[in-house]
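This structure is in structure tokens; I'll ask about it shortly.
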Amino acid sequence: MLVIEDVRAYEVLDSRGNPTVKAEVTLSDGSVGAAIVPSGASTGSKEALELRDNDERFGGKGVLKAVANVNETIADEILGLDAFNQTQLDDTLRELDGTNNYSNLGANATLGVSMATARAAAAALGMPLYRYLGGANASILPVPMCNIINGGAHANNNVDFQEFMIMPFGFTSFKEALRSVCEIYAILKKELANSGHSTALGDEGGFAPNLANNTEPIDLLMTCIKKAGYENRVKIALDVASTEFFKDGKYHMEGKAFSSEDLIERYVELCAKYPICSIEDGLAENDFEGWIKLTEKLGNKIQLVGDDLFVTNEDILREGIIKKMANAVLIKPNQIGTITQTMRTVRLAQRNNYKCVMSHRSGESEDAFIADFAVALNTGQIKTGALARGERTAKYNRLLEIELESDEYLGEKL
């Protein structure tokens, strides 16, 4: 049996220049695993707590408290644990914290240790991470949801919807699907420049121009898909992140106030006009009646993804399944705090025929853990930004590596 012999953490920077936690775990045979924890901008209120220092350093965004929790409290408790028993490790972290949302230790402390331990164990066995976590059945390359126009909390522009994405379904390999996205992205840059729009990038590598409304970005994407020659092979996905503009029972966008019913009708109209296959967070995280109506209206036609609605939480997802809210769940490990809890949520979703989308955060790093994790859990879909910025392309490049060993691309079978 290999045991955890050493644990350490320290501050590094994420893609927004904010501190985050890097954890390193060393096993008794000398194997080492490391992981960098991401950070979100648009966050659900029920997410696990990301512990920040709230002092004068980095405008209060330092993570020395979380680092100290790893180096002192967590290390003392987990040294000597079986490195191959991920469930035992993660349950120990949860019990050590003693809260439902990691408000004592910080989910950025616990997740870093959880991820790093999995990496160390995989290294000790000479296995790729996806194979270690997923076993023999880990084989499916996910369809990417590529966010190539950014709005909302991810960009400094006047677009309300947060992400305008393209999904390359009509391909037999991941590399060919990714090629189509690259070509569409390049055409989009030219289209924006030629029309006098900014080609500045948002947090996730997509372009962030000021546009007339929330429909113009979709029209732009359709133009670029057609010019690239990929009509009927690439579809549109939206992350509305509507909690961000929900106030006093209304959705405030484009200078108007919409009721839940109004917004649902807007989505129905958009889906009738455009090849939209997925809408994420179409309604606010606490607008449960609205979610039920939205699911009744569109749930048998398109994918309705709950992000802020479910926050990768098994118990919250279970309630949503019972109430028939949404039909898919976004999977963000740092929303819940450990690898094991993330896997439990995915399994619950899959048992109940809810689709899963593995996801990055807007504050990312070069760590490509979620690429392996998506394949390990056969989520079939992944959100990891545009084809720009190294912290985004790191995940795509890792998936291209995995494809050399496992070449089943879900594509149209999704």
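In case you wondered, yes, glycine gets a Cβ from its N, Cα and C as well.
Owing to the predicted nature of the structure, the values given are computational and were not obtained by experimental measurement.
So Swiss-Prot lists the following for this protein:
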ACT_SITE  Glu204  active site, proton donor
ACT_SITE  Lys332  active site, proton acceptor
BINDING   Gln162, Lys332, Arg361, Ser362, Lys383  (2R)-2-phosphoglycerate binding site
BINDING   Asp239, Glu280, Asp307  Mg(2+) binding site
Among residues Gln162, Lys332, Arg361, Ser362, Lys383 annotated as binding (2R)-2-phosphoglycerate, what is the maximum Cα-Cα distance? Answer in Å.
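Between the most distant Cα atoms of the (2R)-2-phosphoglycerate site, 17 Å.
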Between Ser362 ((2R)-2-phosphoglycerate binding site) and Lys332 (active site, proton acceptor), how far is it from one CA atom to the other, in Å?
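Taking the Cα atoms only, Ser362 ((2R)-2-phosphoglycerate binding site) lies 11 Å from Lys332 (active site, proton acceptor).
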Where Lys332 (active site, proton acceptor) and Lys383 ((2R)-2-phosphoglycerate binding site) are concerned, what is their Cα separation in Å, rounded?
10
Other than Asp239, Glu280, Asp307, which residues of the chain come within 8 Å of the Mg(2+) site, judged by Cβ distance to the Cβ centroid of those residues?
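Checked against the 8 Å cutoff, the neighbours are Gln162, Glu163, Leu238, Val240, Ala241, Ile279, Asp281, Val305, Gly306, Asp308, Leu330, Lys383.
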If I take the alpha carbons of Gln162 ((2R)-2-phosphoglycerate binding site) and Asp239 (Mg(2+) binding site), what is the distance between them in whole Å?
6
So among the binding-site residues Gln162, Ser362, who's got the most Cβ atoms within 10 Å?
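When each Cβ's neighbours within 10 Å are tallied, Gln162 tops the list.
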Just jot down the residues in the same chain as Glu280 (Mg(2+) binding site), at least 6 apart in sequence, with C-beta under 8 A of its C-beta; none if empty.
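Correct list: Glu163, Ala237, Leu238, Asp239, Val240, Ala241, Leu304, Val305, Gly306, Asp307, Leu330, Val357.
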Validating a neighbour-count step here. Other CB atoms within 10 A of the CB of Asp239 (Mg(2+) binding site): how many?
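Total other Cβ atoms inside 10 Å, all chains included: 29.
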Validating a neighbour-count step here. Other CB atoms within 10 A of the CB of Asp307 (Mg(2+) binding site): how many?
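A 10 Å sphere around the Cβ of Asp307 (Mg(2+) binding site) contains 30 other Cβ atoms.
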